[in-house]
Structures are given as structure tokens and as C-alpha cells.
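Remarks on the structure that follows.
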Amino acid sequence: MVLINNAVCAYIHFFCFFVHTERASLPRNMIENSMFEEEPDVVDLAKDSTAFPGFPALDPDEVVYEPRSSRLLVRGLGENDLDDEEEDYESSARLLGMSFMNRSSARSPSSSPYTRQAPPRSCSCPSTRKLVVGVFILVLVSSMAMALYFLPGCTFTKAGCHKDNSSTPIEPVYPNSTTGEPFPWNEPRLPASVRPVNYNLSLTPNLTSKTFTGRTVINMMIQHDTKRVVLHSSDLNITKATFQVGKDKSVEVKVLEYKPWQLIAVSFPEDLKAGQVCVLTLEYKANLSNTYDGFYNSSYNDVTGAKRVLAATQFEPQAARKAFPCFDEPAFKATFLVRITREPEYITLSNMPKAKTTTLPSGLLEDEFEQTSVNMSTYLVAFIVANFTSVSRNVSNTLVSVYSVAEKKEHTHYALDAASKLLQFYNTIFDVDYPLRKLDLVAIPDFLAGAMENWGLITFRETTLLVGNQSSPLDKQLVANVVAHELAHQWFGNLVTMRWWNDLWLSEGFATYWQYTSLTTVFPQLYPGDEFLEVRFKAMAKDSLNSTHSVSVSSQMTSPEDVLEMFDSVTYEKGASLLLMLNSTLPDGQFRKGLIEYLNKYRGSNSVTDDLWNSLTQVCQESVSDMMRTWTLQKGFPLVTVSCKDGQVNLTQEPFLLSRENTTHTSSCLLVSCSAGSSALYFVSLLATLKVSDSVKWLKLNYMNTGFYIVHYGVEGWAALINTLKTDISSFTAHDRASLIHNMFALSRLGRVSFPQVLSLLGYLTKETETAPLKEALSQLSSVYRLLDKRPDPYLVSRMKGYILNLFGPLINSLDWGEEQSVSRQELRSALFEMACGLGQENCTDQAKVLYDQRTNSTQPKIIPGDLERVVFSVAAQSDSGWLSLLEAYGHTTYDSEKRKILQALASTQDTRRIVWILNAGLQGSIIQTQELPLLIGTVSDGFAGHLFVWNFVKENWDSIIEKFPLGSYPIQSIIKSTTSQFSTQMHLEEVQGFFSGLKERGHPMRSVQEALETIRLNQDWMDRNLPALRQSL
Ligand SMILES: [Zn+2]
């Protein structure tokens, strides 16, 4: 089959059609656009309002400080007309045909009939004109609102009910600060009236007492007249505060604090005037954090067994405020100058190169770093005090260094090489050079996330940065992936930053996309394409649930838990998948051109999703916005159904939703790639009528699965595809075969195909040799097996086991246990051996035992190939002696990747006493680092012996767990998912529901809990539907 590549489709239009015909038969963006045409100034005002690049276009300060009546107009109408997805001030205003007064319109407030009210110096009565306008709109909204706000002799204010409201100003309700005085701000987001320009940070950590003192000098610019400066601070004990206006004398000021929102504020009797430059200086002391965020302390044992300590930072998303008072939102970019005091035995690192070191009278040394040459968001600031060594290389005017503890220095070379090559690749592909003079990559012995992209000072877990010469290519693949991801962030995330966390995908979706795309060019031998395909399947699994979210969510999201929950598979992997889909439908080169335009336009500032689409639209001359908004503003993805009659092919789409829900979906703008038996590849719109000749025996949509949708071919269509797979496997690429397997299982979960149909497709696997389809089949069958394994039906479980071993048996027997160079083959054999040994196939377990013996009991110990370590260790861990010897090895091993494999093996034991021990050790944190607890819980959950115990363990230790991992964070999402996703009974559903609803304030309503409950219900349904068929077919 000859495939037409994208370049042939040089003239592409995006076709949309809409299946729902209610009021919203036009997509929302079209409704808005039609209003824009009538009120073009509204658009311009919103855009032009940026007084400096990247600053929020609309000013929440002014919204909140409007007199109550006009505030109600904006919010009340907005809520009536909009759903949650778009209920921000901007869209509220657009739908109302209103324009907000902003920095440009403030100078000519008469430019629109409806303007935002200026911040009240004192709450005066609305003017007659404003009243008329207000009353007019209020009548439209609700006579109730009028009654409440204008007619009765009582207005709701902080002070309670006033009889005479005709002359009483209406004040917003302020919360109480820690001292009992009113806190002068009543929103969790910061006002936009003050902008930080530069921070001067001096920090003195004491690694013995685990405390630090700090002095933060913030130079700021007043944007609008205001009587307050509001910023973030969390767990900092502020001992002194001074404030200086312009060249006036600095005066001591009082700082008020409102802890629930981690805000502090300074109030002034007179207005600070727009344009004034002010300096706020804060001195404070605090404890180094004992969790994994903020400025935290950590310890590790060196090669001699001696305990070493270090202090490092992890600020994303909202923990910079734990290290220094700051405007801790991504849009408040500024420059930073950092000074850190240390004892002579340590080194310090920060974002910029070191400028000088001064010896203090106390004998301590003070390192001063150059002021950042770029404006950056607070979450990208970083500093480390530790005892590390490094290797370095110059790459295109940037000094690239990799740091580690001294004894692991020889494990840093691979990362240095990978980082150097990738930096050159990105410099070229983005056509914008990395802007700093140095780039440090640091392996931190105790680090929760995989890695963090702090500008110029990227921090990693040891596993994701350090590999030795002996490490397997799979371990190297992990390092290359993570380095590629973090380096991509230096552009997407650091240079151009999302305005708020609701658009986190602009950072994480891009970094994930570029991670695979860069490796395809720089390290093709690592087969990044297979991994990217798996990632897309994974994103679809999450995105087919009601509990999922759109890639770009409402900017109204403010709680820290909601922000943390944005770090999930939808933001990362669906985001990356949508970029891949877009790139594959645009003419060659256009995607890159559009991105270069976007990077240049927004470099050094902030963006929202529409800015990206607009840049692409500008370059591609196609309405990328129209197409992509249907993908980023609504959750889920389409199911495309193919039906064929008399040579005429019809394509239809509907939302692919595993649970029924009563919301309206706008159809996605979709261009499907289509290959047919006649060996050609077309791009077709769903509106197109496709005719095929009689000689065409089959039709396969979604070439290489680059589109984010699932295809159903109907009974006959599937039968034709299955027949072709069995007779001529090479008719499809390996990724197309994997895609067919994935789609078939997804349709089975949806109830559109029967399980015998699934088994019929899998029949072709006896001829399959490629990694991608085999791994997909294995992963799907494993999840079915794990579900069955947790049900009281051992007979069915053993038949399922027999089926799987039978299907893959010949292939497993053909694989050997020696050294293997191909990464793809390594991935395949490790997955197959892990499955076979996990199911107790004797050939497999015997061979694994031999390898373990050769490593431990031989006079000449043999090295186990890296890709087989985990399976060999897991088999060994099932015996008493093996488990104990592994536990001992865990204490000695220096390779972090080997340590993790040993840990997984230890947790795979089916001995319940050991399961209890290891989970407690993970929670306690001395023998096993607490950062590994989610891994332990996940491994135990998969096994039969511990799956119920581990759920009880999580329930009993919930408070301790959320002390270490904040609510909503990725570890918490992962713990909830792994402990509940294999339940499939009503009893477990009620138990999980009961536990989380009983948590109250210790369990913020989390999306991952909704996901868990939905998954259990779906498991129940699947079992009800398929158990009879399984009993019959297996
Ligand atoms: Zn990232």
C-alpha cells in the first residue's frame, strides 16, 4: 500500500458539522464571534489592555472593587448565559456585549456604554447614569435582584443591616486577618494594581537546625491607584516590613495576613498612584519544609554510610511563597537577584551563574548570583545548598553541567551528552536560542516529582538523570525522555508562560509533545514513537470518563487542590496528542512556522490558548482556532462510526462517553485520515461522501493513530479488517495494528462490540512480532485479568490465564534471556516475561531463578540484563530467602534505577506480613524513602494478596499520607487510582464513596475521587455485560 503523506494535502480546510440542534447548534466560539463582529471594540479593548506584555488583560482588582450593584450585573448575567467552561470575566463581558474599563479604556471611559467602575476610594453612591444603566440590565436579569439591591431598606454588608441605605456606601465583605482586623482584599487571586519588577532575595539556611532566615526586597510598579499591596506568603514569620515610595524615606509598615489564601497585605491611608515605583522590604524566618515543596531539607547516606543533608526547592505550582513573600502567580513575571549564605563545605546553585562570593565576619560565605537576564515567573525560581560535584560542556554559548552527589559522578555523562544534543536541536527547531549562559541539571537524592524545569537549574530524581555504562537502554530511554521534556520547557513554559494554571497544557502538553518529537530526531534508536502511541491510548482512557476535564479549563479555578489536579494525563498527554493531530493535518512545515511565530510574539511574557491558535491561524491561513477550540474547550473526544452500503461510505461522529451524561457536546472539527484496500491514504472530512469501488475490501481510518478519536467499523467492517490482518498482516503499519486493538477494546468497554469479537481480533496475534501491537494487547488483557483476579471466580481466572499464556506462549518461548541491544525488543520481552512469570508460567519462573542465582550465589556473579532485572527480582522476592536478600541489596545498591526495581519486587510479594511491613516502611520514610510510597501502593494493589489490605492501609493512614503529599497532587491521584480501580462490586463502590465523603475538610472534592467512583461503576457494568460471554468463550 502506498500512503499519501501530509504534504500531498497541501490545501486543507477544516470541516465541521454539528449533530446537536438545540439553541447551541452553533459552537460557542461562533456565537461569540458573531457578537465580536457587532462590537469589534470589545475585542480590541480586551486585547489592548495589556499595559505590559503578559499581564492579565482584564483586571480582577477592578472587578471586585466595583460597587456591589454593578458587580452583580457582570457576574449574574455571566452565570446565566455561560457554563463553567467559559465563565470568566472576559467571556462574560463579551456575551453581554460589555467592555471592561481597563488600562487603555480608563483614559476614555466613554468608549463604551458599559464600563467597569474605578476602584472606590470610598464607597459612594452610584451616579445617576450608572444607576440607570444598572437598573436597566437588572430588570432583564431579575426583579429579585432589584428588590434586594435597590428597593428594601436593607443592604447586606459586613456591618449587617443598615436602615438608611440611600446614602450608605456598600462595601465588599472582607475576611478577618490573623490579628482580627479586616484583611483588605477578598479574592484568592491577586489584584492587578501592583506589579513586581525585581526581587532581591537574601537567604540564610541552617541545615542543622532546619530553619532559614530571609530578606526579600521587592521593587514594584503601581499599575492603578490603590491603597493596598497584596502578595503571597505561606508559613513565613515576618519580623520586619518597610515600605518606600519613590525617593521618599522608607517607613516601617504593618503586614496583615490571611492564612486560608496564603496572602499578606499592607494598607495605606492614601492612594499609591499609578506609575509610582515602590519598594517593599520584608524580613522573615521560617522552618525548612519537611515535605517535598517550598524550600525543603533532605538527607541521604553517602558511600561511607554517613548521613549528609541538603536543602533544595520545588516551587511549581504554588510553593515559592513558602520560601519568600512574592506575587506567586505565573503572570507576575519579574527579574530576580539571589544571595545565599552557606557553610564552606557546601556549594550553592541558583538559576543564574554565580557572580561573586563574600566571606562574612561569622566565617560563613555568601554567594551572590547574577540578576536574571529574563523576566520569569516565581514558580521557576530555584536554589540548592548541597555537597554536589559536576561535569560540564560548552554548547552554543551555554555551559551545560550535570550535578550529582560525589560518588555518582560517573553516572552523569549520558545526561550531559543527551542535554547537549537536545539543546542544539531545540535552538535550531524553535529558531530562538536558549537565553541563559548556563544550564544545570541536578540529581537530587530525595525528590518527589520526576523533574522540574526551573530556568537554568533543572532538578531531577536520581533515576531520571543518572545512568551508568552498565545501565540498560531502557534506563537511558527514561533519562533521555525526561531531559527532552524539561529542556522543551525552557521555551514552552519558561520563555512563554501560561497566564494562569487553567492553561497549564500550553506548558505541559508542549513539553510532552516535544519530548517524543525531539527524540525521534536526536535518538531514533530509542523508539520514542512507540511510547508516544501508548501515551495517547492512556490519555484516551482518562478522557472517556465523565470526570475528565477539558484541556483548557475555566480561569475561575483558584483552589490549590484544583491547581494541583491540573497536573494529570489530560493536561500532559491529551495536550501532546492534540498537537500531534494538528501537526499531522496541517501542510508540512506550517505547524513549526506557527510555533516560531507564537514563541517570538509572546517570549518573555504570558499567553492563553487562543493566542497559540491565533499565531497558527496567521501562519497557516487556515482557521486553526475554529478547529482546535472544539478540542480544547470541551472534554472527551469523538467516536467516528463508518458505515458502508453499495460502495458509499458514510462517516458520523458522536462523543465517546463510557457513562451516559446529559450535557450537550459540540462535534469536534475533524479531518480523518483514511486508508483503503486500494493502498492509498486520503484525508476526508466527515461531510464528504466517500465512494469506494467493489475491489476495496477494507477501510482503515486514523492512519498511525495520529488523530485523537476512536473508530467503529460495524460488524462487517471489523470482519473485513480482521480477515485482512489474518491473511496479510503487512497491509497495516504496526501502529495501525495497535490502534485497531486499542479501538476494539475501547468499543467493548462502551458496549458496542461483544467480547467474542474482541477475541476474534486477537486471534491474529499469533502472527504478530512488533512491539507496539503486542504491548497494547498485553496491557488490555492484563487489565481484564486483574479485574477478574479480584472476583471470587477462580475457575474463570484460571481459564483467562490459560488463554493469555496460550496466545503469547509461542512468542515467549522464542525469546532468550541474554543481552539484547534493541530497545524495542527489550520493551517487548520484559513485558512478556513479566506477564508470564506473573501468571506463574514455569519456564519463565525457572529461568528467572537461574539468573538470580547466577547473580547472588555464584563465585563469579553475572550481571542481569537491565530490562530483565525487575522480572528476575520479582520472581526471587516470592521466596523467603530471595525477599531477604533483596532487602539487603536494597540497602547497598547505589544505582537508583536498580533500587526502584528491587523495591517493586519487594512489594510484589504475596506474603501479607511483608506487605504490611513494606507499606509501613514507605510511610515512615527511614529505610524506604517516602517519595516511593505511591510506587509501593501501586505495586501491592496489582497483586491478589495485598489489594484489599492496601486499601485499608490508605484509609487508616490518610492523614499521614496527605501530610506528605498534598490533596490533589499527582501522588494522591495515583494512590486513589491504584487502590480503587480494580474494584467491581457494589459493596466496594459504597465503601469508597463512604470513605471519601466522610473525609470532609481532609478531602477536598477531588476529580480523582469522581474518577475512582465512575471507574468502579463501569467495571461493574462491564462485568455484568461480559461475564457470561467470557465464561462461554474462554
Ligand atoms: Zn513538564
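Cβ atoms are placed via backbone N, Cα and C, with glycine included.
For the ranges 103-122, 163-182, the feature annotated in TrEMBL as region 'Disordered' maps to 103-122. In the predicted structure, the domain 'Aminopeptidase N-like N-terminal' (196-380) carries a mean pLDDT of 96. Taking each Cβ in turn and tallying the other Cβ atoms within 10 Å, the top scorer among the binding-site residues HIS485, HIS489 is HIS485. Shown in sequence order, GLU453, GLU486, ALA488, PHE492, GLY493, SER507, PHE510, ALA511, THR512, TRP514, GLN515, TYR572 are the same-chain residues outside HIS485, HIS489, GLU508 whose Cβ sits within 8 Å of the Cβ centre of the Zn(2+) site. Shown in sequence order, GLY493, PHE567, THR571, TYR572, GLY575 are the residues of the chain, 6+ apart in sequence, with a C-beta less than 8 angstroms from the C-beta of GLU508 (Zn(2+) binding site).
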